[in-house]
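What TrEMBL records for this protein:
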type	residues	note
ACT_SITE	D11	active site
ACT_SITE	E71	active site
ACT_SITE	D143	active site
BINDING	D11, D143	Mg(2+) 1 binding site
BINDING	E71	Mg(2+) 2 binding site
Amino acid sequence: MSAVIRILGVDPGSAATGWGVVDCAGTRLLYVASGVIRTKRGAAHPEKLGSIFEGLKKVIGDYSPGEAAVEETFVNASPRDALVLGQARGVALLAPSLIGLPVAEYAANSVKKSVVGKGHADKNQVQAMVKVLLPKCGELASDEADALAVAICHAHHGAARSIFQQSGSRFAPENATKQKRRRLEAS
């Protein structure tokens, strides 16, 4: 039987940061909890970042994940919006990292492809597939569904890594590095 890994997925945003926690045992996924950290409308930006940090710290304390995954920033046409979102994302990376959790990052297209099968799926498709993969999650806000999708994506990547490692495949990431080292040493 596979060990259970608890994964925190985060969909960062300056007004609403979605979070979702899933347990992963091999290829089995189990919904644990999810929610949205909402910042005060009209609050100063540093105060919003502090709220996101404190909210994520509480989630980590309450659910004790072993790993975290954060969605990469979607670059908008507005440079200011991209900077604001980037700062919220920085907080989302910092909170689990300070506690010592390994943190992975995934592009939005990778998350969608992992969950829906299409990299350009819309929010409704992501939400529907999250409900299929995690039937006990109930009704979800869009930010919650996105965060759970990030956690699912991380679980899928972890399962693939585990299969590679168990097989001893020469294509496993750590073996690929060894192959490169051997080639360099031989030259």
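Cβ coordinates come from backbone N, Cα and C, glycine included.
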DSSP-derived structure type at E71 (active site), helix or strand or else coil: strand
Conformational class of D11 (active site) under the three-state DSSP mapping: strand
Structural state of D143 (active site), classified by DSSP into three states: helix
